[in-house]
Amino acid sequence: MDRPGFTASLVAGGVAGVSVDLILFPLDTIKTRLQSPQGFYKAGGFYGVYAGVPSTAIGSFPNAAAFFVTYEYVKWILHTDSSSYLMPVTHMLAASVGEVVACLIRVPSEVVKQRAQVSASSGTFHIFSNILCQEGIQGLYRGYKSTVLREIPFSLVQFPLWESLKALWSWRQDRVVDSWQAAVCGAFAGGFAAAVTTPLDVAKTRIMLAKAGSSTASGNILSALHAVWRTQGLSGLFAGVFPRMAAISLGGFIFLGVYDQTRSFLLELGRESP
């Protein structure tokens, strides 16, 4: 990948990540509280829906930038012809590697954010300090495996579907899709991926919110899923599915639309520069 492409992916990914995370933060808080083991109202209900936003604001840009730089770089390395039947596999591999890298940045900010969302009376820095003092660095990375195991299936669905929908729309209109069309494709792809991966999101939330030393805090995603199934059944596994779908559909529209528009703008700017 050339330098302009690298820079465009880096900046566009970061801008898209910050935009979507800050706009949709209240929906994410409601979803987290619905999935909390203490229950929606005890976790804060509709009060303080921006609790934990500093953690998200700090982590959004580097997290999204890391994902898209990796995603575009892996696609460039594999360099599959656009007409090839292997193209969806390329997108799957690129998205998977991108998630593994991005989660190194995402998980610490996610741990702090989710604890702040269910403890609205505690400040972000106070929660961050407590985690470091009581659990060390590993506390900030609690749920890394469950997050990766949630994000990879999500991206395996979302990104190939997004790329396929864009390709289909381009073929139907005989020209490359506009940024708003890429955003619409992102909304459909994101909403569908969100629905089918909700149980993994529930397990990830339970692991991150569990008390240190508890069996759930160990990070075993199958045990977390089994515990939810045993106590709450299917409704527990799909807790928060509608706000999650709403947030990620709208998020897909904003995130992938802003990314596509910003990257195209930066590449065009680079071509016009002397």
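Along the chain as shown, the residues are counted starting at 1.
Note: Cβ is positioned from N, Cα and C throughout, glycine not excepted.
Remember, it's a predicted structure, so these values are computed and weren't measured experimentally.
Summarising the annotation, Swiss-Prot assigns repeat 'Solcar 1' to 4-77. For 86-168, the entry in Swiss-Prot reads repeat 'Solcar 2'. What Swiss-Prot records for 177-265 is repeat 'Solcar 3'. Sequence annotations record features per position, and here Swiss-Prot assigns transmembrane segment to 5-25, 49-69, 85-105, 142-162, 182-202, 238-258.
Here the transmembrane segment (238-258) has long-range neighbours at 12, 15-17, 19-20, 23-24, 27-28, 30-32, 34-35, 64, 158, 162, 179-180, 182-191, 193-195, 198-199, 201-202, 228, 232, meaning same-chain residues at least 6 beyond its ends whose C-beta is under 8 angstroms from one of its own. Counting residue by residue with DSSP, the repeat 'Solcar 1' (4-77) contains 56 helix, 0 strand, 18 coil. Averaged across the repeat 'Solcar 1' (4-77), the predicted model reaches a pLDDT of 83.
Residues 71, 88, 91-92, 94-96, 98-100, 102-103, 106-107, 110-111, 135, 182, 185-186, 188-190, 192-194, 196-197, 200-201, 203-204, 207-208, 217, 219, 221, 224, 252, 256 of the same chain lie 6+ residues outside the transmembrane segment (142-162) yet bring a C-beta within less than 8 angstroms of a C-beta in it. Residue counts for the repeat 'Solcar 3' (177-265) under DSSP (helix as H, G, I; strand as E, B; rest coil) come to 75 helix, 0 strand, 14 coil. Counting residue by residue with DSSP, the repeat 'Solcar 2' (86-168) contains 72 helix, 0 strand, 11 coil.
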